[in-house]
Amino acid sequence: MARPKIALIGAGQIGGTLAHLAAMKELGDVILFDIAEGTPQGKALDIAESGPAEGFDAALKGTNDYADIAGADVCIVTAGVPRKPGMSRDDLLGINLKVMKSVGEGIAKHAPDAFVICITNPLDAMVWALQKFSGLPANKVCGMAGVLDSARFRHFLSLEFGVSMKDVSAFVLGGHGDTMVPLTRYSTVAGIPLPDLVKMGWTTQDNLDAIVQRTRDGGAEIVGLLKTGSAFYAPATSAIEMAEAYLKDQKRVLPCAAHVDGAYGLKGIYVGVPTVIGASGIEKVIDIKLDKDEQAMLDKSIDAVKGLVEACKGIDSSLA
Ligand code: A3D
């Protein structure tokens, strides 16, 4: 059987890391596409040359021609610009919306059967626009944010409790932005919900609140440290987890920006929700019962996403 084909649209910081991870995990052959001439070719060659020492079997090719992504099984989209210190994700909307149009058209023409994972920010609005521009089925187009946001939450919790990250599970709902909703009630250490750990005296409510806030600000913390761009190692790892779930039909339960139509009382909007990812793409959106406070936080987050979607419609009338 031929190896799966993974097309990476955008060969910048995240794109290059995705290529390296996909090759090291032997998820398939990798096509790195970018408009910058030489960048995807150089990164593909550099990673391919790590193959003999690493011992992986994967072919890598860099290109500036969409025709090379033909028949891709997975497309991961990072094309666009990242933020710099002082910028919010929403400041990227105008530039990245235009990029989503050309990417959507390229995927529609050359890889219409692919499972598409968008990473470009502002995430929830960009994945919505990418699905519209590409015309691919909504269950085959999703956005990576929840896996990363919950990984950050898990990392901070493991530091607080002094336990392995493997034993910490965490859920984050809503848009990928300052209004994201880390769900403490559904986040656990070895199955023990966080509110119970507060009662047991393992941590305090104040510490937990600070961790929630640090999670919300997780992207900005890295932007502030790097100064020249945004996070790329953990975002790439998170998207690879989603791609692997699809390619291996793992039925993983992962939070991602999915098209929600019915669940949570929403109608046809992309927002971060728990999903099941398998060979059919987003196979299920899990509709968790929320309490009043959680619902209020989610409503606020959804309003922020809806505002960005309206802004997209204002910029490009074909989306209206
Ligand atoms: P960067 O290293 O700048 O790479 C972006 C690449 O896109 C560059 O190589 C550009 O040449 C390329 N590009 C620009 N326009 C086009 C186009 N029309 N077609 C093809 N390629 C194009 O950025 P990065 O890799 O650090 O980040 C990529 C995106 O991911 C940004 O929008 C970030 O904001 C976003 N991001 C999202 C998350 C989430 O959790 C959702 C996390 C981190 C970064």
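For all residues, glycine too, the Cβ spot is worked out from N, Cα and C.
As annotated by TrEMBL, active site, proton acceptor applies to HIS176. Marked as NAD(+) binding site by TrEMBL: GLY10, ALA11, GLY12, GLN13, ILE14, GLY15, ASP34, ASN96, ILE119, THR120, ASN121. Residues or ranges marked as substrate binding site by TrEMBL: ARG83, ARG89, ASN121, ARG152. Annotation comment: TrEMBL describes 5-143 as domain 'Lactate/malate dehydrogenase N-terminal'. Residues or ranges marked as domain 'Lactate/malate dehydrogenase C-terminal' by TrEMBL: 148-306.
Features recorded in TrEMBL, as mapped to the structure shown.
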residue: GLY10; record: NAD(+) binding site; DSSP class: coil
residue: ASP34; record: NAD(+) binding site; DSSP class: coil
residue: ARG83; record: substrate binding site; DSSP class: coil
residue: ARG89; record: substrate binding site; DSSP class: helix
residue: ILE119; record: NAD(+) binding site; DSSP class: coil
residue: ARG152; record: substrate binding site; DSSP class: helix
residue: HIS176; record: active site, proton acceptor; DSSP class: coil
* Asked: If you draw a 10 Å sphere on the Cβ of ARG83 (substrate binding site), how many other Cβ atoms land inside?
  -> 18
* Structure fact -> ILE119 (NAD(+) binding site) has its Cβ surrounded, within 10 angstroms, by a count of other Cβ atoms equal to 30
* Asked: For GLY10 (NAD(+) binding site), what residues in its own chain, 6 or more apart in sequence, show a Cβ-Cβ distance under 8 Å?
  -> PHE33, ASP34, VAL77, THR78, ALA79, GLY80, THR120
* Asked: Reported as an integer number of Å, what is the Cα distance between ARG152 (substrate binding site) and ILE14 (NAD(+) binding site)?
  -> 17
* Integer Å distance between the CA atoms belonging to ARG89 (substrate binding site) and ASN121 (NAD(+) binding site) -> 6
* 10 Å Cβ neighbour count around ILE14 (NAD(+) binding site)? -> 27
* To do: Might you list, by sequence position, any residue in that chain lying six or more from GLY12 (NAD(+) binding site) with a Cβ less than 8 Å away from its Cβ?
  => ASP34, THR39, THR78, PRO82, PHE232
